[in-house]
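> Sharing a structure below in structure tokens format, with a few things to ask.
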């Protein structure tokens, strides 16, 4: 099939549509603080989009690049389309925010500016200002002797026009930087939050004594946060990375967010110094710095405004009284998080770190939390003399500093730490434990679609797979050898690895289903689909009658076309859990189920080390089948791609199906049923049976 730009949706505009679906959650009949969370998530997503994607397009435009995407939109065309889209959507964001705040007030939860407080609360704010804010804020004069200051990425400040009390004709421009150590809101009482800029503005004349405040405007800046590291020229990669992180703080300004109605002189002054294109200036009639709304959304006093808290469950064959290695010896085990608990993953490493029979632990780390029990267990194992090898991906965007910290801690404990492979990111999620069993060695593996991160495991849907099969032992050993040594043969036998194998394998399996015509079936769940070769292969399969169901949460570049895609159904699921699992089903392949760390994107398939894992175990395959079937039945959280490239909520007059809530209920039901069953084999069989029946 000839490549045609009309086959593809634009990557950046597709991402914007995804983020619009996130914002659309604010229109759902959710508890109010849950709706507020989606405002915060939407704005956080948009920050990163501007820092990386928009910044990248600006660089391409400056370099004179005319074509940069499969749909052949130039960088300038994309920038214009992005700005038009976001300026229009800003009105919708303001509408939802005002609606939610108004509804919160009916529930007696308020965000109030200083002037709207009663005298008692004003006195508390006054005391808070002088005890907590005044000592750490940074007042800045800007004039001939005071240059324009450095503003950190996503920094939040107050710009002021002030005049000399004795010479009012002398007008000065100043800024007050608000440090991130200060909370975005001051919780002046159990139900009242005061925006910090409102407090600072009220006390401007104490901050600039002898001057009178004329006008003020809160503003927030976004910088280019992409980081290019010349790995080939680096003798000390860790040092080069640390230097890169310092340079990132000085990235070019790419966006200015400012209060609507700000004095024209203030806006002009900021623009003059930051040189931001006027279409990248966004004026808001609502509060700025909305990612910080998590502070209010986490209010424990108003639990009735939150969704009921779900506690992930550990199901058989895992048992707190049974060694995790004994459980894996009996059978392969697949768990679906966060409905099932992440605890077995932690226990896998924790138990290995204390087991005298364990001689080696190998693991990849991409994103870990700041206080990681898993990394602490690895440190303990290394300190105890176990051979610990850890691949810490120092290039994991926005986690570089945290990963640097853990890499140093692991090295200090005696672990062998690998920083990555030149020119690639290591995105695979895999760990391997080697134990002595008599005079032989036994290998245990964990392969996953998600990170070794207990925090994200509570809010991301992912699939984990535990096995002790010999073929997985061989391939994971080879994979870690590739990471730690030199290897030109980057191919595995049972697992598939990128950059050499995964795309090749996927194209082979698509071609096989296409050869079966209307008997062919493909179901693929992932975060994003961008790769043009795979898109063309899916078109060809659809033309031949293959039924293709794609569950893609985020970016989706296959353009609907009656001629090419009539047998392709595309849906995106947005709910309280972020859909992060990659699960693939190809009816006529053997095996026919796979999980993977890789999305179908060029970066994953060509510029990262990823793994795709075949699932042979019948119970695990049945579990994945039910998982995919449930997602395809969802008519509450699901959106379907329309012929015009837009998404619409799934229309249905049938019983409401919320795939995430149903999984919570099913797992809870199984857990409750099995809680008192002490017969491990019966409990395991019943768990599998209940899951399949439900």
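Placement of Cβ uses the backbone N, Cα and C atoms for every residue, glycine included.
Per Swiss-Prot, the feature active site, phosphohistidine intermediate maps to 427; the stated evidence is sequence analysis. Taken from Swiss-Prot, the feature ATP binding site covers 45, 460, 553, 580. What Swiss-Prot records for 367, 397 is Mg(2+) binding site.
Relative to the rest of the structure, where do these features sit?
Under the three-state DSSP scheme, residue 427 (active site, phosphohistidine intermediate) falls in the coil class. Here residue 427 (active site, phosphohistidine intermediate) comes close to 366, 393, 597, 598, 604, 608, 609, 610: these same-chain residues lie at least six apart in sequence, with C-beta atoms under 8 angstroms from its C-beta.
Non-local contacts of residue 45 (ATP binding site) by the CB criterion (under 8 A, 6+ apart in sequence, same chain) comprise 19, 22. Mapped onto three states, the DSSP output places residue 45 (ATP binding site) in helix.
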> Around residue 460 (ATP binding site), how many other CB atoms lie within 10 A of its CB?
19
> Relative to the Cβ of residue 580 (ATP binding site), which residues of the same chain, six or more apart in sequence, are found under 8 Å away?
449, 450, 460, 461, 462, 527, 553
> Per DSSP, residue 460 (ATP binding site) is which: helix, strand or coil?
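For residue 460 (ATP binding site) - judged by DSSP and reduced to three states - the answer is strand.
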> List nothing but the one residue from 367, 397, 553 whose Cβ has the fewest other Cβ atoms within 10 Å; the candidates are the binding-site residues.
397
> Compute the centroid of the Cβ atoms of 45, 460, 553, 580, then list the same-chain residues not in that set whose Cβ lies within 8 Å of it, in sequence order, for the ATP site.
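Here the nearby residues are 527, 554, 578, 579.
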> Specify the secondary structure state of residue 397 (Mg(2+) binding site) as given by DSSP, simplified to three classes.
coil
